[in-house]
Amino acid sequence: MATASVAFKSREDHRKQLELEEARKAGLAPAEVDEDGKEINPHIPQYMSSAPWYLNAERPSLKHQRKWKSDPNYTKSWYDRGAKIFQAEKYRKGACENCGAMTHDAKSCMERPRKKGAKWTNMHIAPDEKIETFELDYDGKRDRWNGYDASTYARVIERYEARDEARRKYLKEQQLKKLEEKNSKNEGEVEGEGEEGEISDEEDDDDALKVDEAKVDESKQMDFAKVEKRVRTTGGGSTGTVRNLRIREDTAKYLLNLDVNSAYYDPKTRSMREDPLPDADPNEKFYEGDNQYRMSGQALEFKQLNIHAWEAFDKGQDIHMQAAPSQAELLYKNYKVIKEKLKSKTKDTIMEKYGNAATEEEIPMELLLGQSERQVEYDRAGRIIKGMETSLPKSKYEEDVFINNHTSVWGSWWKDHQWGYKCCKQTIRNSYCTGAAGIEAAEAATDLMKSNIARKASSEDAPAPAQERKHVTWGSDVPEDLVLDEKLLTEALKKEEERRREEKDERKRKYNVRWNDEVTAEEMEAYRMKRVHHDDPMKDFLN
């Protein structure tokens, strides 16, 4: 589909447009409005929301997606049923021979066939019907309710109301009959009967009336609790009736708490794991979440059975919960019996070894609240002053163990983010204690190191003067006593050019080559002058 013609946007404008679209989709920005003032859904794809270029859409709109070609000849009106247009007084030529109407012939006449038609009697001429023709559109041709009069449904309502009124009248008559029978029985009874019997009879009769009324109400709503279901038959199709098991009076679980932050409801699985009303009275709640059913009753037993089957299978037993459930349940029962026996046996063994304090005789109060001659003094705050030393708590680790002649433990001294011994101020663990002499030696070494650092810093502050050097060629130093002969240097330059030419073309090299290892200062200077430096920016223009 062609896109709408829009002006060119820069990268920054395009980025802002994308951010605005994301904000509209997230609900942080108001939706876009079309020409008619209607909001445009931000989730509509661009290929649907963008108009074709030939419509020249200046503002955002969805008109190009609507039906803009409408035929004015189409109509949704319907026939005027039973309408008459003209009442003739005598028979006309070409009219119906039976009733005398001009709008149909005798073959399609809907009146009762007369013994003698209106053509011959010229009496009781029927009026002409109103004939209409409509040109319906696509929807009008397929509209099932086209021409339906909603006022005709009042007849259905009246029929059902009349049936309900008859049912109530019948129930009232039945109640009156039972009351009359009860009064007649009470008059014939003996006066010696107690009031309790009369009350019980009245309650029984009232309960019977209520039961009858409930039966009638149930039969009244019987049709509304049915679900018609097709039954597959060889003949092709009878229908069966299946009772709907859902009670419509129960509140749906997702309607118990309408707070958006309450328990989550999954519409696909129709499950709500958490309790929707955690603060409500548990005696009044009938639903506490799906987890309640998973963690109680037979569901928990079935879960433990599955876990036992998995663990037994991992340990090598041939057991499978789905393949042989009876075997798995039997093995689980035997496992529980054996576990209880082993538990009771272990308990008996412990009681035989250590005894059972619950079954022994009670210790006398004199021993429980025994007194001694020890005198303890306390201050006003309740602290012990004299008579009982407070015991320090003991740990499983060794304490106050001194090694290698140390008088303090490791970790009793801290300096420069390092632990050490307080007695000799050493930071090396398991070292031998040097005492006060070691402390003095360490301080002297520290002072010496500080003085050396200060002396080095002072020497670095005054840099040595740099010596200027003359360079003959690229990167080489010139000795002070160097003297070059101009003629020898010219010859050395020619030899260097010949050597480089031979390196490029080996065919110019002679067969007998004599090599001389002696290099003069002029030849070295010629080599340096002809050498190509890769860092030279003008190296490509030398040749």
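Any Cβ shown, glycine's included, is placed from N, Cα and C.
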Report summary line: The residue range that TrEMBL labels region 'Disordered', out of 22-42, 337-357, 379-399, is 22-42
Query raised in the report: Can you tell me the mean pLDDT for the domain 'Pre-mRNA-splicing factor SLU7' (136-412)?
Result: 78
Report task. Determine how many residues of the region 'Disordered' (22-42) DSSP places in helix, in strand and in coil. Result -> 5 helix, 4 strand, 12 coil
